[in-house]
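J.: Sharing a structure with you now.
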Ligand SMILES: [Cu+2]
Ligand SMILES: [Cu+2]
């Protein structure tokens, strides 16, 4: 392969993306797939709000409604929010620490394709007899009783995509530990890298319990394993524990990287160093740590007894402290700065009151006896949407606008960006603020309809109107993206003008090997330091120009993942169709054969030669 | 001038919104209008936590608004490079310690009330004669109906819970099929009905429910349990102790009686061939019905837990249960009536009979 620039046809581009191991391209794959599932989950959300706009509505049937809410939650968490965050981690983190790629480029690709096939498999349930319908939490007694194959799609789909996520997390951990540029000490790492680091550690510890739970579920449903069948000595509460031991850290897996994005945006657009950097790092680590001690706050009404409830209540409240530290540090970052309201900054500024609102209702629910009232009511629906939408989604949208020029060398339209923000922001508060009151007025969550005149009718209508605003905002965003791609106006290096960290110091488009010479990091906000000292290159180098060792592209990750995808269909119809077992064997055969192929065939990669690098074309691919 | 008007408009809009939101909802359903001590304890905790949280929000919003107003670039100047402040130990200590203190203030009543609400020792208290002093109800949650058994009183009912006022009423909760959750918002928080184990707690009711809109409190299933989760409602009637004792006595005395009138008697015959295998009509007895006990059917507030209690709805329900409560386990008429639908005349007879099932005189 040569590094000489060439124009490629569609087929070649497609093949390039199918086989790529470049973290920047994998980031784009995550962005496209995650964006697609975000739209799918959004459509499901709209269906929910249409159904609930009026009492006694029959827009969708009861059974269909349960499928929609289950898939809305599952899709948004596992197939939209997480992949989009993994996309930004891929796009930004290696550049932030001065690395040429992640530690295991091949695994990076495998992680994506596992997620991809898992997500596709899960969504195929819509066309193959019905989607899962036991809620995204899939509590055991209900999920075991659920007829059809919906729950099997859920368990097998998440099993596959969960592996992808776990692989991604491990990869990022190793990358951050081992591949930082000289001078990039832990306490000089940008906050987004820090939050990626902690979130990856959370993935490492949180996904195994989920996987265990899901495997139990699969065995129960496929072979009558009785892990959760209480009449056979099983126990359904175990599922709840396993799920939430994963589920609570999952919230932080989502929100910490969003915090990281905001921690990059505030200093950039306030032109001021992040206030209390070390406190921010400490708070991130502490949140990650405490995040594993509080899962049972989702189970206050399960009947664990007062001692367990009291302990988990107090532990949960404790998390508010480091979170509060972060909020105040962001405020003080703006304080005394020079704030400019670009689209990313608007999102960041809009995030603070939204997330504070979500945080305080979290503390209310931490008070166990009060939670007996709030739990499983619309109050909790309001609360977690304030955290997930007001925190994570605003973070994703902020990151999309902020990092777009880094990823594509073009800039999303600021005017449309601001329209999206206002539509989405107003719609979000309109939809969810009022749901707090619905909960207090006695409306349980996950109801497919409600009888009129219980005091809920107008509130539900308002909530549904808010959802329309959010949808309009997303439509404007899609238009914006299409326009930007069509116009294709290049913006070059450091497009925001006030980039502070290493990723903005790179030439645009970023060369496929990222750094011609490994940079020497001389402090926090290294690009800012170089700029202040008048260094036009934006970087000090730690090495002379030399050959760069690069990995080869590979189609094997797609094949490995595809094999599991095939095997899942066999597992799904096991005991029902005669072809089920052969299909399982075939699928696993594909997977193992391609793994053996990968293990036995040496692939030493290739070198980009010094001469090509010095020749100016070296920068392009 | 224009700006002033705009601001004033916004203000009036906000005020209208506040008034709108300040409604506490329906007295028989809202957590904001507690019917007894348990609900009141929980509301107190809500008020305390809200007050603390509003305090936090006010502080954050003051700093926030000042920051984004004072330090916008148009005010600061285009080419100003702000001082790169590293942090402030003093400030960081303040915003670590103050929240800890605020949370401690919330922690104490939280822990106290967690233990208080879990204290069910009164369940087993007996008087000199060895009789239980408190009323205990065994709640069994089924797809999608509720059974209420009073083990110490030897009676059982369904869909409409009856409780005495001014005392702790204890509950043993269990699910028969999949997990549900037992919630009477006005009386207090929920507790799950698990399939694995018995959960215990208590609630209290200050006053008879008579004066409420429908004469009952509303109860809900709060855990997703299948298609008709949303329709798994029940009702709660609270009675003064004397009235409650009278009701218990009536329940004990209730037994299968020959109803008055030809139509009702025909209804009884149909019932006895098609329905009685699942539905008992005597309130005396214990748990174990396949379908809801119907001894008090005529006294009830709703058909199937959520439909208005009218003859039309009874007929509609019997002739097509699946349509009204998808996924419920009541058989279609064809399965219990020799492969035929009930005729209008049969439905009328059944309805007449069912409406006559009453223990309240
Ligand atoms: Cu949690
Ligand atoms: Cu239920």
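A Cβ is built for glycine as well, from the same backbone N, Cα and C atoms used for every other residue.
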J.: Pick from B:299-319, B:320-340: which range does TrEMBL record as region 'Disordered'?
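T.: Here TrEMBL associates region 'Disordered' with the stretch B:320-340.
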J.: Give the range, chosen from B:49-71, B:118-140, B:141-163, that TrEMBL lists as transmembrane segment.
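T.: Feature transmembrane segment in TrEMBL: residues B:49-71.
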J.: Under 8 Å between C-beta atoms and at least six residues away from its ends: which parts of the chain pack against the region 'Disordered' (B:320-340)?
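T.: Distant contacts of the region 'Disordered' (B:320-340): 142-145, 226-228, 231, 270, 274-275, 277-278, 291, 304, 307, 346.
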J.: Let's see if you can do this one: DSSP helix, strand and coil counts over the domain 'Cytochrome oxidase subunit II copper A binding' (B:132-250), in that order.
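T.: Summed by class, the stretch gives 18 helix, 60 strand, 41 coil.
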J.: Over the domain 'Cytochrome oxidase subunit II copper A binding' (B:132-250), work out the mean pLDDT and round it to an integer.
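T.: Here the predicted model's pLDDT, averaged over the domain 'Cytochrome oxidase subunit II copper A binding' (B:132-250), is 94.
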